[in-house]
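Okay, structure first, notes after.
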Ligand SMILES: C[S@@+](CC[C@H](N)C(=O)[O-])C[C@H]1O[C@@H](n2cnc3c(N)ncnc32)[C@H](O)[C@@H]1O
């Protein structure tokens, strides 16, 4: 059994970015097989160069990612979004701005991130992850300890994980979930701060958040 497992071939996920920019979930789902493990993604196959890689999970309409990509033309940006309607808005935005340093994936970021090379990401951004406010739904929240550990493994040394929520209960859970993640430490004096002067406001922030009760995390990889 053990040798069968170790001999199991890893499948290669083919990533064909349409218009050199985006991939829809169908082209990923069509390749997925039950009980199958996948090869680590070779970033050189789709990034334009070896410059820094920045990843946002849950890009919504892509405003935040586009802002970063415009301001850091020498860096690479990879964004994930599961809702097709908003994903399409992000695609149009990046096309309008003719940003060539962005790739967008219409798929669960947590699966895709698990296939990235270890220590390959300079910055992760998670802006206003779905809070799942009902207690019985808390288990669906994205920022659980195993996922935080995965993000930490994918970060370069000295890389940063930015997380923002306006949901106090979720912020408290993130604090607790971070405790076992030994290789991440807060860049602030406290675990989170309620104001971040240079934060570029996302659509969610502008529409729904009460600026006084937002929780910003900035975790450095040791
Ligand atoms: C509350 S919205 C915030 C959107 C945007 N970040 C903003 O601040 O305006 C959360 C977004 O994360 C997306 N999302 C949730 N889980 C995801 C996952 N596992 N992978 C990619 N996107 C995800 C949702 O579809 C939704 O668009």
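These residue numbers are counts, starting from 1, taken along the chain as shown.
From the backbone N, Cα and C atoms, a Cβ is placed for every residue, glycine too.
Heads up, TrEMBL stuff is auto-annotated, nobody curated it.
Note that this is a predicted model, so its numbers are computed, not measured.
Same-site candidate for S-adenosyl-L-methionine binding, as annotated by TrEMBL with 56, 108, 130, chosen from 39, 75, 81: 81. For the binding-site residues 81, 108, 130, 166, the ranking by surrounding Cβ atoms (within 10 Å, all protein chains) places 81 first.
Summary of the S-adenosyl-L-methionine site environment: with the site residues 56, 81, 108, 130 set aside, the chain residues having Cβ atoms within 8 Å of the Cβ mean position are 57, 58, 59, 60, 80, 82, 109, 129, 142. Ligand 1 lies under 6 Å from the Cβ of none of the binding-site residues 56, 134, 166. With respect to their backbone Cα atoms, residue 130 (S-adenosyl-L-methionine binding site) and residue 166 (substrate binding site) stand 10 Å from each other.
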